[in-house]
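Asks: First the structure, then my questions, so here it is.
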Amino acid sequence: MSRLTHIDERGAARMVDVSGKAETAREATAACHVTMRAETLALVTEGTAKKGDVLATARIAGIMAAKRTSELIPLCHPLAIAGVTLELEPDAALPGIRIAATVKTTGPTGVEMEALTAASVAALTVYDMLKAAEREMRIEGLRVIRKSGGKSGDFRQE
């Protein structure tokens, strides 16, 4: 038996069969941040970015991305997502935007990939909406910070 669940005994890629797994409540939160100059962050906090409301647009993009994860990530199961929330917080200390995406479902497999996809697409949207003002922005620190439910149990890191 392979240690990698998406690789069979012959080394071929496969989609894991989750049909025999119990449906349980599952939740995952992923986080990252976009660093930028203070002047660029001011465009967000003052609502003067040329492309419009950066935080609202990034929030919607992240939600849409979570729902499309199985179309973007090979071998990722399509899931019935129960909820997606995105927190986008301007942080003058970075300076930049802190992003956290939480995804919930009840099903046989976890939602870590959906949370990671939501956070990363929200960050990409922030970059896209502000790139005319600053090309040196950086998307950093993408990681799962919390996961609950399923056979492997709970996980937490900050």
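Including glycine, each Cβ sits where the backbone N, Cα and C put it.
I grabbed these lines from Swiss-Prot:
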- Leu75, Cys76, His77, Met113, Glu114: substrate binding site (BINDING)
- Asp128: active site (ACT_SITE)
Asks: Using DSSP reduced to three states, classify Asp128 (active site) as helix, strand or coil.
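Replies: Helix, per DSSP.
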Asks: Note down the number of other Cβ atoms within 10 Å of the Cβ of Cys76 (substrate binding site), including every protein chain shown.
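Replies: The answer is 18 other Cβ atoms.
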Asks: Record lists Leu75, Cys76, His77, Met113, Glu114 as binding substrate; longest Cα-Cα distance in Å?
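Replies: Farthest-apart Cα atoms in Leu75, Cys76, His77, Met113, Glu114 are separated by 13 Å.
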Asks: If you measure C-alpha to C-alpha, which of His77, Met113, Glu114 (binding-site residues) come within 10 angstroms of Asp128 (active site)?
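Replies: Among His77, Met113, Glu114, not one has a Cα sitting within 10 Å of that of Asp128 (active site).
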Asks: For the recorded positions Glu114, Asp128, which Cβ has the most other Cβ atoms within 10 Å, all shown protein chains included?
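Replies: Ranked by Cβ atoms within 10 Å, first place goes to Glu114.
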Asks: Compute the centroid of the Cβ atoms of Leu75, Cys76, His77, Met113, Glu114, then list the same-chain residues not in that set whose Cβ lies within 8 Å of it, in sequence order, for the substrate site.
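Replies: Checked against the 8 Å cutoff, the neighbours are Thr69, Ser70, Ile73, Pro78, Leu79, Thr109.
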Asks: Give the number of CB atoms, excluding that of Met113 (substrate binding site) itself, located within 10 Å of its CB.
Replies: 22
Asks: Could you check what DSSP calls Cys76 (substrate binding site) once collapsed to helix, strand or coil?
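Replies: Where Cys76 (substrate binding site) sits, the three-state DSSP reduction gives coil.
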Asks: His77 (substrate binding site) has how many other Cβ neighbours within 10 Å of its own Cβ?
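Replies: For His77 (substrate binding site), the count of other Cβ atoms within 10 Å is 17.
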